[in-house]
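Feature annotations, courtesy of TrEMBL:
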COMPBIAS  905-919  compositional bias 'Basic and acidic residues'
DOMAIN    28-133  domain 'Cadherin'
DOMAIN    134-242  domain 'Cadherin'
DOMAIN    243-350  domain 'Cadherin'
DOMAIN    351-455  domain 'Cadherin'
DOMAIN    456-565  domain 'Cadherin'
DOMAIN    587-677  domain 'Cadherin'
REGION    753-803  region 'Disordered'
REGION    827-852  region 'Disordered'
REGION    895-946  region 'Disordered'
SIGNAL    1-29  signal peptide
Amino acid sequence: MEFSWGSGQESRRLLLLLLLLATWEAGNGQLHYSVSEEAKHGTFVGRIAQDLGLELAELVPRLFRVASKGRGDLLEVNLQNGILFVNSRIDREELCGRSSECSIHLEVIVDRPLQVFHVDVEVRDINDNPPVFPATQKNLSIAESRPLDSRFPLEGASDADIGENALLTYTLSPNEYFSLEKPSDDELVKGLGLILWKSLDREEAPEIFLVLTATDGGKPELTGTIQLLITVLDANDNAPAFDRTLYKVRLPENVPNGTLVIKLNASDLDEGLNGDIVYSFSNDVSPNVKSKFHIDPITGQIIVKGYIDFEESKSYEIIVEGIDKGQLPLSGHCRVIVEVEDNNDHVPDLEFKSLSLPIREDAPLGTVIALISVSDKDMGVNGLVTCSLTSHVPFKLVSTFKNYYSLVLDSALDRENVSAYELVVTARDGGSPSLWATASVSVEVADVNDNAPAFAQPEYTVFVKENNPPGCHIFTVSARDADAQENALVSYSLVERRVGERALSSYVSVHAESGKVYALQPLDHEELELLQFQVSARDAGVPSLGSNVTLQVFVLDENDNAPALLAPRAGGIGSVNELVPWSVGAGHVVAKVRAVDADSGYNAWLSYELQPGTGGTRIPFRVGLYTGEISTTRVLDEADAPRHRLLVLVKDHGKPALTATATVLVSLVESGQAPKASSRALSGAVGPEAALVDVNVYLIIAICAVSSLLVLTLLLYTALRCSAPPTEGACAPGKPTLVCSSAVGSWSYSQQRRPRVCSGEGPPKTDLMAFSPSLPDSRDREDQLQTTEESFAKPRQPNPDWRYSASLRAGMHSSVHLEEAGILRAGPGGPDQQWPTVSSATPEPEAGEVSPPVGAGVNSNSWTFKYGPGNPKQSGPGELPDKFIIPGSPAIISIRQEPTNNQIDKSDFITFGKKEETKKKKKKKKGNKTQEKKEKGNSTTDNSDQ
């Protein structure tokens with residue numbers, strides 16, 4: 001930029017003006033420079049990078065570039081120092097023609113982020129074009145009879161420069177006949193001409209030579225000349241004269257050929273040929289005008305014969321001559337100014353200057369996506385362009401500069417809903433009717449990892465048969481990620497944990513890509529019924545997102561375990577010796593075959609069959625189909641063989657069924673020999689139980705010692721409390737104290753006492769209670785609390801909320817047998833419930849009663865089992881509980897059901913250890929009436945088993 005400085009107050013005013021100009025430019029975001037035309041290559045224009053506030057080091061990384069529409073590479077920027085310099089020859093007249101203002105508009109674009117700056121470089125005019133006349137010589141024919149002050153128009157010179165460089169002054173070479181008429185201030189009326197101020201005399205001067213010089217106002221001044229050759233004609237007194245010397249006509253653009261522009265009229269006072277006028281364009285009319293218009297030589301009509309375009313030329317100047325046909329023809333002149341009116345005949349032009357695609361779906365609002373340039377060649381309202389965008393899209397157009405729009409983000413994007421937008425930008429001018437143009441751009445939304453892989457459901461249940469081959473495919477998990485490309489690549493893995501003593505990865509594995517789950521080893525239902533684990537799905541995005549799904553793998557039982565006969569009454573070949581008196585009646589239980597199956601369900605449901613004897617002989621025995629009890633079918637007589645070899649086939653209900661065979665040797669003896677023989681036969685069985693009795697002796701001693709110490713402590717505590725002033729809490733019942741717990745439930749041992757000084761009740765009571773692993777609801781707890789309070793006033797009832805848990809069966813190691821159905825009575829006054837009664841694994845046929853364990857305590861309550869409110873009766877075969885043990889007790893517990901009409905008076909409580917001999921003798925002394933009741937009961941049981 002060039003400045004000149006004065007001194008004093010003028011310099012201060014100029015400085016203030018420059019500061020105001022700089023402030024205005026900064027507010028408008030536009031820089032202005034100036035450069036002289038015809039400047040040499042490399043001429044300094046301005047420090048554009050510094051003025052725009054850009055660092056030199058970021059010009060190349062941010063893709064600094066300069067664009068100039070239709071201007072080529074006149075100006076360039078040195079990216080090393082940020083200086084704008086002249087790159088090629090700049091000709092102001094070529095760029096802007098006769099326009100008073102001429103500038104080069106530059107668009108400076110940088111990326112990361114996208115920014116656009118507008119720079120105007122004014123091209124200053126220099127006086128590099130001299131005035132030019134249309135021709136180097138002009139011939140004029142003037143009659144000698146022309147009066148003084150006659151005017152003869154001349155075509156002036158033109159200067160391609162502007163301003164003072166284009167201000168022309170004319171001088172005429174010295175002569176005695178003509179003077180020069182200077183042009184007026186009206187540009188449309190070029191008044192240059194010759195004025196005759198001395199009468200011509202052909203005889204004295206037939207030809208006159210003059211030189212017309214045009215000088216511009218530049219420094220240095222440039223001049224142009226034209227030679228005027230004036231031929232003096234003889235005689236024609238009157239020249240043709242037009243109505244007006246100047247005509248102005250408005251003509252719309254794009255009019256068809258043949259359109260009348262104007263009809264001229266000239267008159268001549270002469271007569272005959274001297275009065276006939278011929279119309280023509282002056283020789284000074286440019287070829288462009290002659291190509292656009294035509295004049296009829298007779299009528300003087302000017303018509304259109306070429307394409308009239310406002311954008312090409314806004315006006316045309318036509319000089320018309322009217323020449324008579326005299327011998328010495330005379331001429332008249334007039335000037336026609338044709339002003340072209342603009343029509344809306346150009347469609348707006350749209351151009352995308354810069355695109356930043358694709359756009360990330362998490363891009364902030366206001367992000368610039370594209371820069372759009374619009375233009376219209378029309379003028380005024382017809383060239384006023386407005387832009388609009390497709391509706392219902394998250395983008396908008398913002399007008400940033402004259403004829404420039406920015407496409408910016410207006411609302412949040414979500415690639416999972418819309419992955420790409422087809423935008424249509426419409427540019428419409430203000431004409432009537434308006435014209436418009438459209439441009440389309442496809443905006444692709446780049447994915448961001450904002451969606452975690454999702455499974456169809458949070459949990460899957462899989463059923464797998466046990467004994468599967470290693471590496472078998474058991475399930476396939478699949479997660480879908482709504483993202484794209486690497487953000488949607490899902491990999492699967494196990495959520496590692498321990499299953500018992502082993503790691504989860506030793507049981508199953510999952511394929512990282514397909515999600516297929518494999519069992520790495522054969523699964524065993526008896527070892528593991530349910531395998532629950534989680535599979536994690538994670539995508540490959542950064543940062544990675546993931547989710548888990550739970551798999552519950554139920555191992556289905558296969559019939560892979562044959563029934564096993566229980567020891568000690570059955571050995572490897574299942575041989576048992578039994579002595580039976582001859583006097584027993586029908587239905588007497590001789591022996592019982594006990595077996596267990598490690599499977600579950602139908603595969604563990606055992607049935608017993610008595611194989612037919614050899615030789616087709618009938619045997620007076622039968623076996624219970626589901627109980628395994630061998631009993632007599634009739635009264636024995638002498639015709640029966642004294643020894644019987646019974647083969648009992650134990651078979652489960654699996655497919656295929658697996659079997660085991662037990663051999664029972666029955667010897668018939670006299671009634672007096674049976675007890676002795678039976679005692680000898682049982683001597684081998686008593687031996688192992690003797691060790692158990694010894695253990696119980698030590699156990700009862702320890703319990704008695706601890707109980708005595710506890711009673712003594714409680715008595716001391718009660719005495720201390722009663723010596724103090726009585727309070728309401730002194731007589732409140734104590735709460736049970738938890739001793740131990742296990743997987744099958746909680747065992748509680750408590751001392752329920754009240755000081756005799758408060759209540760005067762009998763001796764204290766020690767209770768051993770069994771609770772379900774599941775917690776009772778609030779109503780059950782209230783009932784238990786009420787029951788606890790009432791237990792001090794009346795005998796304790798069996799706990800009605802005892803549950804048989806499925807986990808109890810899983811940990812059993814003792815034998816369980818399904819016996820015939822019976823009724824478990826809940827005690828005096830309690831409701832009768834269907835529930836398998838419990839018996840010990842004793843050789844006696846009377847199930848449901850077992851001897852109390854050593855150390856159980858004199859005042860200990862017996863345990864009862866019955867259905868609770870949440871456990872309905874199991875009616876189907878194979879659904880009854882298999883087996884369970886009481887933790888800490890060596891008793892073998894079996895389950896037997898008795899029909900509801902069986903009224904056998906037995907105790908339904910569970911006791912432990914061996915049965916007292918007194919009870920054995922009482923049962924053996926029962927008469928035929930008791931035997932008949934048993935026979936009737938067994939018959940009913942067989943019918944229910946069938």
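Glycine is treated like the rest: Cβ placed from N, Cα and C.
Unlike curated entries, TrEMBL annotations are predicted automatically.
Quick caveat, the model's predicted, so the values are computed rather than measured.
In the predicted structure, the domain 'Cadherin' (351-455) carries a mean pLDDT of 90. Contact between the domain 'Cadherin' (456-565) and the domain 'Cadherin' (134-242) is not supported, since fewer than 3 Cβ pairs fall under 8 Å when only residues 6 or more apart in sequence are counted.
DSSP states for the domain 'Cadherin' (28-133), grouped as helix (H, G, I), strand (E, B) and coil, give 13 helix, 40 strand, 53 coil. Applying DSSP to the domain 'Cadherin' (351-455) sorts its residues as follows: 4 helix, 56 strand, 45 coil.
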